[in-house]
Amino acid sequence: LSVSFFDQFMSTTYLGIPLIALALMFPTILYPTQTNRWLNNRLLTLQNAFINRFIHQLLLPLNVGGHKWAALLASLMLFLISLNMLGLLPYTFTPTAQLSLNLGFAVPLWLATLIIGMRNQPNHALGHLLPEGTPNLLIPMLIIIETISLFIRPLALGVRLTANLTAGHLLIQLISTAVFVLLPLMPSVAILTATVLVLLTLLEVAVAMIQAYVFVLLLTLYLQENI
């Protein structure tokens, strides 16, 4: 039974087409496209307002050099939100529940922020490894600890997103299974459990959006340290 619960995280194939390929192509239809009209339609206006507000809030602490990342971070935000929300629909596959995909985003982007810091201001970037005023006896230990914490950052980015989505999907499937089992035996308890399931689904919608925002927000914080 426990194996069947985890089958939802396996990349299945439908009519010879891997579902992960279709899921990764899905966010492209949500990206705003420019039109030749003087005024945009309601959907495009809403998308542009959301993206502008998000970029303004996200890049406010950064200097002008960090604003070059605006298009990349906005695209990543829309990509992660759409994939996380897609996974809440029935008979769909959630690519962001795979640790390999999340690490594929986290490691290169974290490494890019680190390379930028080492190239532009190497003294300041290396200064994070050793706080000012550290006693001489603690210097080797602190350097090792700070180096380990630095290299754990991309792993934490990917694991955080994977763990939250995986736990939410498993909990939804467990509670829905309990509803079907309890319905013929104890209908009143099954109805109460179904109410909890609806509330949990709403919570997972919020988690899907918040985790995408946290992923991009942490990247901007790493970028802020190195610019």
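In case you wondered, yes, glycine gets a Cβ from its N, Cα and C as well.
Record features (TrEMBL):
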| type | residues | note |
| --- | --- | --- |
| TRANSMEM | 12-31 | transmembrane segment |
| TRANSMEM | 69-89 | transmembrane segment |
| TRANSMEM | 101-118 | transmembrane segment |
| TRANSMEM | 138-159 | transmembrane segment |
| TRANSMEM | 171-199 | transmembrane segment |
| TRANSMEM | 205-223 | transmembrane segment |
Subject >> Cβ contacts under 8 Å made by the transmembrane segment (69-89) with residues that lie 6+ beyond its boundaries >> reply: 23-24, 26-27, 30-31, 51, 54-55, 58-59, 62, 95-97, 105, 109, 161, 165, 169, 201, 204-205, 208-209, 211-213, 215-216, 219-220, 223
**OP:** Please indicate, using numbers and ranges, the residues of the same chain that are 6 or more beyond the transmembrane segment (138-159) and have a C-beta under 8 Å from a C-beta there.
**Re:** 99, 102-103, 105-107, 110-111, 114, 128-131, 215, 218-219, 222
